[in-house]
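Per Swiss-Prot, these features apply:
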{"type": "BINDING", "residues": "Asp151, Asp215, Asp217, Asp223", "note": "Ca(2+) 4 binding site"}
{"type": "COMPBIAS", "residues": "535-549", "note": "compositional bias 'Low complexity'"}
{"type": "DOMAIN", "residues": "1-111", "note": "domain 'C2 1'"}
{"type": "DOMAIN", "residues": "286-503", "note": "domain 'VWFA'"}
{"type": "REGION", "residues": "535-583", "note": "region 'Disordered'"}
Amino acid sequence: MNLKPPTSKVELRIKCHKILDKDTLSKSDPRASVYEKDRAGQFRLIGKTETIQNQLNPEFKTPIVIDYRFEEIQVLKFEIHDVDKNDEDFIGDASCTLTSILSKPGQTVCLQLLTKSGKHAGSMTVIAEEIKNTLQTIKFNLIGKKFDKKDLFGAGCDPYLIISRKVPSTNTFVKIYESQVQKGTLNPVFSGIEMKLEELCGGDMQREIKFEFYDWDRIGKHDYIGEFHTNAQELLQPNQAFNVINSHKQEKKSGYKNSGTVSVSDAVIEREYNFLEYIMGGCQMNLIVGIDCTASNGDSNDPNSLHYKNAQGLNQYANAICSVGNVIVPYTTTPLIPVYGFGGIMPGQSEVSHCFPMTLNASNTLCCGVNGVLDCYYDNISKIQLHGPTYFAPLINMAARYASQGQSQSNQKYTILMIITDGEILDADNTIDAIVKSSGLPLSIIIVGVGNANFTNMNILDGDDAALQSGGVRAERDIVQFVAMRDYLNRPNELAAEVLREIPTQFLSFMKKYKFRPNPPPPPPPVIIGAPPQYDNPTTTTTATSPSTGIDLNKGSNVGLNLTKTESSPSPSGGAGIDLNKGSVVDITKGVSNVSLEKN
């Protein structure tokens, strides 16, 4: 049964007090995770906050957004973990209903955190607020001058900024933003501050906002410099400047003026577009599938193999192909899907290849629809000599060449590479380098882990906690999502939802960076008088064939197209250069020149 649209969206902000210290030589590095109980009684992850270093009283700036449904009892579980580089230690958890938060004065609850043995592990305060979505983003810069000197040595100050907004019902403030530290300056510049208008002020232009400035210290408590209060409407006024006031100094010194000044520059509100607007405007989504052909999967003829074709149901590879493919393919203008293998030896070859066509035909990498991908996989996996090792970089570089073709305002495309694998990668450095270099392209990478292997390194590739770096260069955007199939066995809909959860955010980050706007929705096709009706869910089977190739588009089959290089015009298929009237496509593995994406 489909869920009703949410009554509204609610933002949860979390802070903790005196949590257990799990670290021996320092303090815990806490992170909060929030889960909601689904209709099957299982807790489903809604979101995570950032990790705060060395803090037993963390106030998380990352909000957790949840759909509020009036007609349901929504049970929430809050977990706090101490997050180290390669491990997470459970600190404590607490549960309550969303209604219990919303019905409290100030929409605020205080919960006791408990360990797994039921012992006290600290406390947690949760504040809820309804989100009024205006689809607007506010941007501004802050320029500080003559801040108070706080350090005896050096330049005298290492300032950073905290922005908080007022909660009217409780007359308190919640932290929404924290800047990087500006090292060694009394004249800090906080540039490129950007957030949704709802996040800054809840959509209320008169909502009070607090700007606090602190001097960062390596050891001990950070020193308070001062603060000023304003609202979004004032921020947008030209030539705004504020005194940074330290109330303690103001009370003690009769001639006190300020602890510095801050002026506002380039404050603007920009319209924010949503994912659906781009899709409705004709943006082409493309899927590329990569299949692990390493020996660790087991001989495909062995019933214990991950590649075994089981008459009783789909194996995990086929399950991933169907779950994700059936969601993405409806957004494509053609059903053609490139499919590649890696870590195997093709028939007639002696060398391992880390990016080869699963069709086993170098001039034809395309399959028609999800069924065509399945047919190709089942027909050819037994013909490939499973080998190894597991390398991702060649496959990612191929997808990057594919994604780099023909992007423009009028011809928008976005590529999703789905890699299905059973084990750890052995070219981590090269893979990270390929991901970093691809992070500026219209590309997302989904990694689905099958089987019971240790997938620790995969979580490193998923840059949720920290941006990937290679050779001193940071990734422009997070483009990787990893999901372990074993967590979603027999739940294909939930698998697809989790695998694709980050795609809209990754998609929008690219479009926003390069200032691509949604195109107007194309007009509906003309109605031809006397023509038979066209259904999106036909109940009878008809045979549709391509006029040039004779392909039965209702059957899962490989597309018999020749590959030739075309330079004249980009194609609606997202870089494959497909001309269905001529039956030719670009060979995306050879000689493709990159397109420079310039910010307009």
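The backbone N, Cα and C atoms fix where each Cβ goes, and this holds for glycine too.
Features per Swiss-Prot, on structure.
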| residue | record | Cβ neighbours (10 Å) |
| --- | --- | --- |
| Asp215 | Ca(2+) 4 binding site | 19 |
| Asp217 | Ca(2+) 4 binding site | 12 |
| Asp223 | Ca(2+) 4 binding site | 16 |
Exercise. Quick one: mean pLDDT on the domain 'VWFA' (286-503)?
Worked result: 91
Seminar exercise, completed: Checked against DSSP, the composition of the domain 'C2 1' (1-111) is 8 helix, 53 strand, 50 coil
For this session: Please classify the secondary structure at Asp217 (Ca(2+) 4 binding site) using three-state DSSP.
Result: coil
